[in-house]
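Residues or ranges marked as region 'Disordered' by TrEMBL: 175-200, 366-397, 471-491. Per TrEMBL, compositional bias 'Basic and acidic residues' is recorded for 175-192. Marked as domain 'EF-hand' by TrEMBL: 221-256. Under the heading coiled coil, TrEMBL lists 328-359. Annotated compositional bias 'Polar residues' per TrEMBL: 371-380, in sequence order. The compositional bias 'Pro residues' annotation in TrEMBL covers 481-491.
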Amino acid sequence: RTGLKVLCVYLPSTVVLIRSMCLYNQDTGLYYDRYLREVIEVLETDPHFREKLQTANTEDIKNGRLSKELDLVGHHVRTRLDELKRQEMSRLRMLLKAKLDSTNTQSLQIDHASMLKQFEHLDPHNQNTFEAKDLELLISTATKDLENYDAERHEEFKRYEMLKEHERREYLRGLDQEKREAEEKRMEELKDKHRHHPKVNVPGSVAQLREVWQETDGLDPHEFNPKTFFKLHDTNGDGLLDEQELEALFTKELEKVYNSKNEEDDMMEMEEERLRMREHVMKNVDANKDRLVTMEEFLKSTQKREFNNPREWETLDDTKPVYTEAELQRFEAELKDKEEELKRRAETLRQEQDLLHERGKALDAQRKEYQQMSQRQNEQPAAADAKQPPTGPHGELQFHQETNKLEDQGTVHAGKCSLRWIRANDVFLGPVRSILHVRGSAYGGRCLWALGAWLMCAFSFLSEVKTPVEQEADTPNNLPAEPPQNLPTHT
């Protein structure tokens, strides 16, 4: 803890941050809070560097002497510091990438080195090793950010109060006249109930300190001693009262006004009240404005006339609102714009969701169609096997001549054979149809061979069969032939 304090010998206000981290384990709210914590903890582990820091001053840091001392730290300390810096650089690159992605920046070439310059708590030119310049930048940036920390907390509370008032008005606007009047009456009763509380002593006054002396420390209020009081509440024994130790003194006063179990009490207002009390004490006691109270400063404050002033502390309820009506209107307009933007985004997302739903339905229909086609293809071989024509003992096709269903009435005489005309659909197309049914089965090869043999027999048969006209021409004519006419007259 001592080493952490001397780290900021030239920047005393940073002690608040370091001590609050180490002693109270509180988040500073800084975006580099973890990096700052780990660097401080690693530097504390080297006793030689901590000893040199105790005797260092601003000139030692500026002229580079501290840098030489940093080079003499243990190898494990330096290695750990280098590793912490590389991790921090990697984290910052991820933050930059997320920021660019959120803004839909379509840039193929991004200069990360130049973009890292916006982060002031480290040296972006040296991204691999931790040097003395990194230490200086880290502490100076933390000090500057801490100076604006209280102002940011006040601004955050103001926005909270405006949001609360906006929601109250919107809620009342949605009620009818009778219910609105009843609700407004109930709210006023809660406000009046909140205002009725015991007297709140001015922070840092003798009445307030004696009350802590009696109720918290369990000592006789008539034996109050400022020097003893200071030592009792210097919880870490470093001879200083920091902001956290001071705020702990206001707990009793705050409990008079706020109770988390009461509907009318707002705990956010309680924290704002605690901040106001601490700022009041620092303004009257912290003479050098280093955000720390020494024993000398504390004893001098007890000699002022304000220390014995018995007046009551004005709470937030007794002061004017933290915002004006114009600020509230601007805030409501900002909320309305954000609401419209959210609606547009929601509509866009809804349309995209509908489009995805339609695409999903189309894909389901295609999937079902493909399944049905696959099922039909699997059923075709089984149907073909069931309809295959009869085969012989060796798998050859057997065809039977159907003479009982002949439809043609003409007869053909060929020598001693008498054949009837057979419809081509029964004789010729029947076997072909059977062949086509079994083309995909195991009998396909044998069927094709049988078809070829059948065609040869069919053509041979047709070549021997004569039509009735041909048969009539072949019939012998017994009539005498006419004598030839106009024969030439020669021997």
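Using N, Cα and C of the backbone, Cβ positions are placed for all residues, glycine too.
Automated prediction, rather than curation, is the source of TrEMBL annotations.
Long-range neighbours of the coiled coil (328-359) within the same chain, counting only residues 6 or more positions beyond its ends whose Cβ lies under 8 Å from a Cβ of the stretch, are 159, 162-163, 165-166.
Secondary structure of the compositional bias 'Basic and acidic residues' (175-192) per DSSP, as helix, strand and coil residue counts: 16 helix, 0 strand, 2 coil. For the compositional bias 'Polar residues' (371-380), the DSSP-based tally of helix, strand and coil residues reads 10 helix, 0 strand, 0 coil. Residues in the domain 'EF-hand' (221-256) partition by DSSP class (helix H, G, I; strand E, B; coil) as 24 helix, 2 strand, 10 coil.
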